[in-house]
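**Q** Following this message is one structure expressed as C-alpha cells.
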Amino acid sequence: MNLKRSVLSAVAALATTSAFAQESVTPPVTAPRVPLTEDGGQPVGNNQHSRTAGERGPVLLDNFHLIQKLARFDRERIPERVVHARGVGAHGEFVSYGNFSEFTKAKLLSEKGKKTAAFVRFSTVIHPNGSPEQLRDPRGFAVKLYTEEGNWDIVGNNLPVFFIRDAMKFPDMVHSLKPSPVTNQQDPNRFFDFFSHVPEATHMLTFVFSDQGTPKNLRQMDGFGVHAFKWVNAQGDVHYVKFTWHSLQGHATDTAAEAATASAANHSGHSADLYDAIRKGEFPSWELRVQLLKPSDLEKFEFDPLDATKVWPNVPEIKVGKLTLNRVPDNFFQFTEQAAFSPGMVVPGVEPSEDRLLQGRLFSYADTQRYRMGANYLMLPVNRPYAAVHSNNQDGSMNFGQTASDVNYEPSRTNGSRRDDAEAEYSKAPLTGGIQQQRIRKTDNFRQAGDRLRAMSKSEHANFLANLAGDLGKVRDVQTRIIMVSYFFQADPATGEALAKAVDVSMEAVHAAVVAQAMQPTSRR
C-alpha cells in the first residue's frame, strides 16, 4: 500500500508539474483565429481526418481537401539553382551620395539623397541548399535596385575576381567543383585536374584558400561586381566601370578551424547573424564605390582590364552611395528563393562591357531563371519592377498580367501603341579584326596572384598554405600536383617552394613544368 501510495503521489506531482510547465510556456491567444481555406478560398470543414467509406473503408477520392493538400505538397519545390543555391536575403534601400550625371545618365544617381528600394541575396556558390554556410566557397553578393527606369541587378561575389575569363569554360568549371556524378562527393582530384589546365584561376585561388574563403559573417565582407561594365552619360561619353560594395561594419574572417567550430554550432549561423542584426535595428550597410577607366586607357595596362581574373590596381575609387539592409523578408521562399538576378538587367546609362565571361552570363543567368520559375518569373513580387512595364511579350505559364490592348506588336500607327526610345539605345563601340576563337592577347596569369601572396601577413600566408595544401595534398595524380605548384611558383617563388614541400613534389619537376608551359602554343593556353 505504501508503494502504491508513493507511486500515485509521484504521478500526481508529475501531472501538476507538467500542467504548470505547459501553462507557463503556452502564449495566450489574443488574435482572433483566421478560418482555414482551400487555395480557392473555400472554408475547410475538417483538416484532421480523411473521408472514408465506413470506419475501415478506403479513403474516398471525393475528399477534395485531401487531394489538393497532397498535390500542392508534391509541388512545393522548384528546381534548385545550379550555383548559388544556399542563400539568404533582405530588403533595403540605396541612397545616392550626389549627382553623377557626368559619368552616367542612370536616374538613380542623378541627385544627392535620391532613394531606391533594394533587395540583396547572399549565397554560397557551389554547395547545395541546406549545406553549412561556413564552408569554404566564394559568396554571392547580388543586389537588385528597383529604379524608376526598371530593375538594375549588380550580380557579384565577395571576392574581386573569378576563376575563368571565358564563359566557354563555365559549365566545366562548375562540374569540376560540384560533387562527382559517381560518388556524389566533392573531390579535389576533380577540381584540381580542371584548374591544372586553367592557369588564369591562380589569382582567384589565392582568395578562396585564404581566410577570405571563410568569412565570419555576411555583414563584414565586401561585395564586388567582378566584371567591368560601361557607364554612359547623356552625351554618349563612355567610361568602363567596376563596382565595389565596401562593408561599413569592417571586415572579419574565420580560420578553417574557426569556421568548422561555427558550423558545428549552427550551420545556418550566417543567416541567423544577418537576421538578428536587422531585427535589433543594427542595420548593416555598404558603401558603393566605383573605379572608372576611359576606353583609351585600356591599352595602358600590362593586363587586359576586361579580364574577370584581374583587379584594377592603382585606379582610384569614387564613393557613389550607401546600401542599407533594414527588413527581413516575410517569407523565405517568396522572396529569397524566388529572387532572380541577371547581369543583363541594367538601366539606361549602364551597359555590359566586352568581358567574355560577362557576355556568357548575360544569357545564362536569365535563362536559368526561366527554367526554374517559368517565362513570367519577372511578374513575381520580388522580381517585379517598380517601374511600369509595357511589353509586347505575352502569355506563357503563370502569366497574371493584365493586358487590355489589341496591339501586341510594334511598329503600329494605332494611338497609344508602344514605341521604342532612342535615348535608351546602347552606345556604339568600334570593332577591329576578324572572327576568331582564341585566348585574349594579354593573359598575365600570375603577376596579380604574386602581388597578393606577397601582401599577406605571415599568419594569413600560413593559413593559405595550410588550406591549399590540405586539399591539393589529397590529389592522387602527381602531375596535377606538380602543375598546380608550378602556377604558384610562377606567381611567387617562395610560396611555390613551400607548397611543393607541403604536397610532396620536387622542385626539379616544378621547374620542368614551367619550361614545358612556356613552350605550349599560345593560342591554346
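Every residue, even glycine, has its Cβ placed from backbone N, Cα and C.
All TrEMBL annotations are machine predictions without curation.
Per TrEMBL, active site is recorded for His84, Asn157. TrEMBL lists Tyr365 with the feature heme binding site. TrEMBL lists 393-415 with the feature compositional bias 'Polar residues'. TrEMBL lists 37-418 with the feature domain 'Catalase core'. Marked as region 'Disordered' by TrEMBL: 22-55, 393-427. Annotation source TrEMBL lists signal peptide at 1-21.
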**Q** Restricting attention to the domain 'Catalase core' (37-418), give the mean pLDDT.
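**A** Mean model confidence (pLDDT) across the domain 'Catalase core' (37-418) is 95.
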**Q** Taking the Cα atoms as reference points, how far is His84 (active site) from Tyr365 (heme binding site) in Å?
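**A** Counting only the Cα atoms, the answer is 11 Å.
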**Q** Please give me the CB contact count at 10 A for the residue listed as 'heme binding site', counting all chains in the structure.
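**A** Result for the residue listed as 'heme binding site': 20 other Cβ atoms within 10 Å.
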**Q** Measuring Cα to Cα, how many Å separate Asn157 (active site) from Tyr365 (heme binding site)?
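**A** Here the two Cα atoms lie 14 Å apart.
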**Q** Would you mind checking how many other C-beta atoms are within 10 angstroms of the C-beta on His84 (active site)?
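**A** By my count, 25.
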**Q** Let's see if you can do this one: DSSP helix, strand and coil counts over the compositional bias 'Polar residues' (393-415), in that order.
**A** 0 helix, 0 strand, 23 coil
**Q** Determine the Cβ neighbour count for Asn157 (active site): the number of other Cβ atoms within 10 Å of its Cβ.
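**A** I count 24 other Cβ atoms within 10 Å of it.
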**Q** According to DSSP, which kind of secondary structure is Tyr365 (heme binding site) found in, if we only use helix, strand and coil?
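**A** It is helical.
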